[in-house]
Amino acid sequence: MKIFSSEQLYEADKATVERQEITSEALMERAGTQIFNWLHQRMQGAPVPIHIFCGIGDNGGDGLVVGRLLIEHGYNVIVYVVNCSDKRSKNFLLNYGKIKNATKKWPILMKSEADFPEINNEDIIVDAIFGIGLNRCPVGWVKKLIQYLNENKAFKLAIDIPSGLFSNSPLEDKEAVVNANHTLTFQTPKLAFFLPETASFVSNFDVLDIGLDLEFLQNTEPLAQLISKPEAQRFYKPRDKFGHKGTYGHALIVAGSYGKIGAAVLSTAAAFRIGAGMVSTFVPKCGYNILQTSIPEAMVITDKEEAFISDITVDFEPSAIGIGMGIGKNKATVEALKSIFQKKNIPFVIDADALNNISENKELLKLIPKNSVLTPHPGELKRLIGEWKDDYDKLEKVKKFSGKHGLVVIIKGAYTIIVYGDKLYINTSGNPGMATAGSGDALSGVITGLLSQGYDPLLASVFGVYIHGRAGDIAFGQMGYEAVMAGDIIDNLAEAYLDLLEQPEIENESNGEQ
Ligand SMILES: NC(=O)C1=CN([C@@H]2O[C@H](COP(=O)(O)OP(=O)(O)OC[C@H]3O[C@@H](n4cnc5c(N)ncnc54)[C@H](OP(=O)(O)O)[C@@H]3O)[C@@H](O)[C@H]2O)[C@@H](O)CC1
Ligand SMILES: [K+]
């Protein structure tokens with residue numbers, strides 16, 4: 001699914017009105033009706049008081065449509081106009097008149113703190129104060145109103161976006177954003193829903209298709225792509241019936257140091273489980289028995305050093321290399337990295353201590369083969385690109401870094417973001433149970449295993465992050481968040497593949513006959 005900026009959504013709105021030959025008022029009616037249907041389906045006529053707070057722009061207009069439809073269906077509705085500016089939009093005014101006609105009285109006009117109504121914890125609040133047209137941070141009594149609503153325990157439903165949140169620019173005042181329990185967003189989710197500083201305001205959301213012009217949506221380059229099952233299904237490369245282990249490549253995992261051989265074990269297992277034909281693992285001598293015993297399928301090559309990696313020599317041409325998991329920061333290891341980056345001109349997956357070594361020895365950056373994949377967590381990313389002001393500044397910095405060095409950068413987080421030049425892919429699978437030691441080693445193994453099977457680096461990253469997250473979701477389903485260990489994620493890669501390939505059941509349309 002594509003994520004568009006607010007500017008693009010206004011263009012889509014315009015294109016829709018022109019091409020479908022409808023009025024913008026009709027489009028607002030369509031949007032408001034969708035919200036009404038959502039509420040009506042869940043409330044089934046329940047007499048719970050519904051307080052609708054409408055701004056004076058089109059978001060407020062949506063709120064007025066919802067209010068009118070609810071009133072017409074007999075709900076207990078109180079509509080307020082948050083009179084925060086003199087410039088009422090055309091469609092707001094049209095619907096202001098319509099609701100008056102329906103109810104024979106005007107909505108309650110709010111002009112200051114004195115107008116704040118009493119709301120019970122069992123009531124419902126609909127937030128239609130600001131939408132994507134927010135152009136400055138709410139201040140004064142409007143900010144106080146937002147805080148007043150937040151203090152109330154009533155269920156808060158935000159229309160399009162929680163008021164006070166900018167859809168694709170930095171948060172200025174987290175005290176001035178509606179803390180919505182649920183958001184119903186039109187046509188596409190907004191970028192703010194997925195970034196660490198703002199995602200918590202939108203913990204639950206549904207996307208309502210309001211039928212914006214398909215041609216515009218299809219032909220417009222989005223701000224970002226959201227990756228979930230349908231996208232992952234498109235990326236999957238089916239296994240060739242006549243393939244042999246050579247068809248799926250020979251991956252090399254370079255990982256581990258004394259006390260951290262587990263990182264090598266996890267990455268190797270993940271590379272196998274994701275489908276690499278063969279995996280060789282390069283470890284310091286101390287890792288030999290551990291690897292051979294825990295993963296008999298792997299071939300093991302050892303360094304001349306007992307406890308760390310100092311010189312990576314292998315006598316075959318790997319189809320992909322995953323490097324860095326648990327390797328430590330020994331000087332000899334840094335030299336070994338330099339040398340292998342120069343010797344092997346294929347995309348690498350670069351993780352953990354390899355990233356830290358690069359941050360401390362920036363000359364290594366120039367040696368990394370183009371199209372390699374970097375998998376930093378936030379701390380590693382900061383060491384690589386420096387501090388950032390906010391989430392958007394971070395994305396711009398990573399885009400620049402990715403473009404300059406020709407690398408894929410995976411920013412790990414609750415919503416992992418894959419950056420390749422100007423392109424952003426936001427993953428939707430995964431859960432807090434995956435915040436556990438070794439989860440990153442498993443991801444590096446997964447991406448290395450996909451590269452070795454011929455997925456290109458960007459695809460291997462986007463698909464790999466999705467399937468790793470999905471495996472984590474399946475593990476969560478079996479054991480809850482707390483108990484998930486990295487090994488459980490790897491064990492569930494199989495289930496994640498099966499889940500991906502499962503065809504949706506075709507509904508029986510023959511009059512309910514079985
Ligand atoms: N695009 C689509 O396809 C569709 C969009 N639709 C809906 O339209 C919504 C966008 O509507 P919108 O453009 O009228 O902007 P909106 O969010 O109502 O706010 C603008 C108003 O707020 C004011 N204002 C802003 N900041 C303020 C502040 N801090 N403090 C005080 N005032 C502030 C600003 O006033 P001004 O700056 O002029 O003084 C202006 O009057 C969108 O989210 C969706 O719900 C659907 O109906 C159909 C399809
Ligand atoms: K809103």
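Every residue gets a Cβ built from N, Cα and C, even glycine.
Bear in mind that TrEMBL entries carry predicted annotations, made automatically and left uncurated.
The following features are taken from TrEMBL:
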type    : residues                                                                  : note
DOMAIN  : 9-218                                                                     : domain 'YjeF N-terminal'
BINDING : Asp58, Asn59, Gly60, Gly61, Asp62, Asp160, Ala263, Gly326, His377, Asp441 : (6S)-NADPHX binding site
BINDING : Asn59, Asp127, Ser163                                                     : K(+) binding site
DOMAIN  : 228-500                                                                   : domain 'YjeF C-terminal'
BINDING : Lys412, Gly413, Ala414, Tyr415, Thr416, Gly440                            : AMP binding site
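Known features from TrEMBL, placed on the structure.
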residue: Asp58; record: (6S)-NADPHX binding site; contacts (Cβ under 8 Å, 6+ apart): Met28, Ser89, Asn91, Phe92, Gly131, Gly133
residue: Asn59; record: K(+) binding site; contacts (Cβ under 8 Å, 6+ apart): Ala128, Ile129, Phe130, Gly131, Ile132, Gly133, Ile159, Asp160, Ser163
residue: Gly60; record: (6S)-NADPHX binding site; contacts (Cβ under 8 Å, 6+ apart): Cys54, Val81, Val82, Ser89, Phe92, Ala128, Ile129
residue: His377; record: (6S)-NADPHX binding site; contacts (Cβ under 8 Å, 6+ apart): Lys412, Gly440
residue: Gly413; record: AMP binding site; contacts (Cβ under 8 Å, 6+ apart): Pro196, Pro378
residue: Ala414; record: AMP binding site; contacts (Cβ under 8 Å, 6+ apart): Pro196, Ala199, Gly430, Pro432
residue: Tyr415; record: AMP binding site; contacts (Cβ under 8 Å, 6+ apart): Phe194, Leu195, Ala199, Ile426, Asn427, Thr428
residue: Thr416; record: AMP binding site; contacts (Cβ under 8 Å, 6+ apart): Ile410, Ile426, Asn427, Gly430, Val465, Gly469
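All protein chains shown were included, and the count of other CB atoms within 10 Å of the CB of Ala263 ((6S)-NADPHX binding site) stands at 30.
Proximity to ligand 2 at the level of Cβ atoms, with a cut-off under 6 angstroms, picks out Asn59, Asp127, Ser163 from the binding-site residues Asn59, Asp62, Asp127, Ser163, Gly440. The local packing around Gly440 (AMP binding site), expressed as other Cβ atoms within 10 Å of its Cβ over all shown chains, amounts to 25. Residue pair Asp127 (K(+) binding site) / Ala263 ((6S)-NADPHX binding site) shows a Cα separation of 48 Å. Checked against ligand 1, the binding-site residues Asn59, Asp127, Ser163, Lys412, Gly413 give Asn59 in sequence order as having a Cβ less than 6 Å away from one of its atoms.
DSSP gives Asp127 (K(+) binding site) a strand state. Other than Lys412, Gly413, Ala414, Tyr415, Thr416, Gly440, the residues of this chain whose Cβ falls within 8 Å of the Cβ centroid of the AMP site are, in sequence order, His377, Ile411, Ile417, Asn427, Gly430. Shown in sequence order, Met28, Ala31, Gly32, Ile35, Ala128, Gly131, Ile159, Asp160 are the residues of the chain, 6+ apart in sequence, with a C-beta less than 8 angstroms from the C-beta of Asp62 ((6S)-NADPHX binding site). Among the binding-site residues Asp127, Ser163, Lys412, the residue whose Cβ has the fewest other Cβ atoms within 10 Å is Lys412. DSSP assigns Gly440 (AMP binding site) to a helical segment in the three-state reduction. Shown in sequence order, Phe53, Gly55, Gly60, Gly63, Ala128, Ile129, Phe130, Gly131, Ala158, Ile159, Asp160, Ile161, Pro162, Gly164, Val178 are the same-chain residues outside Asn59, Asp127, Ser163 whose Cβ sits within 8 Å of the Cβ centre of the K(+) site.
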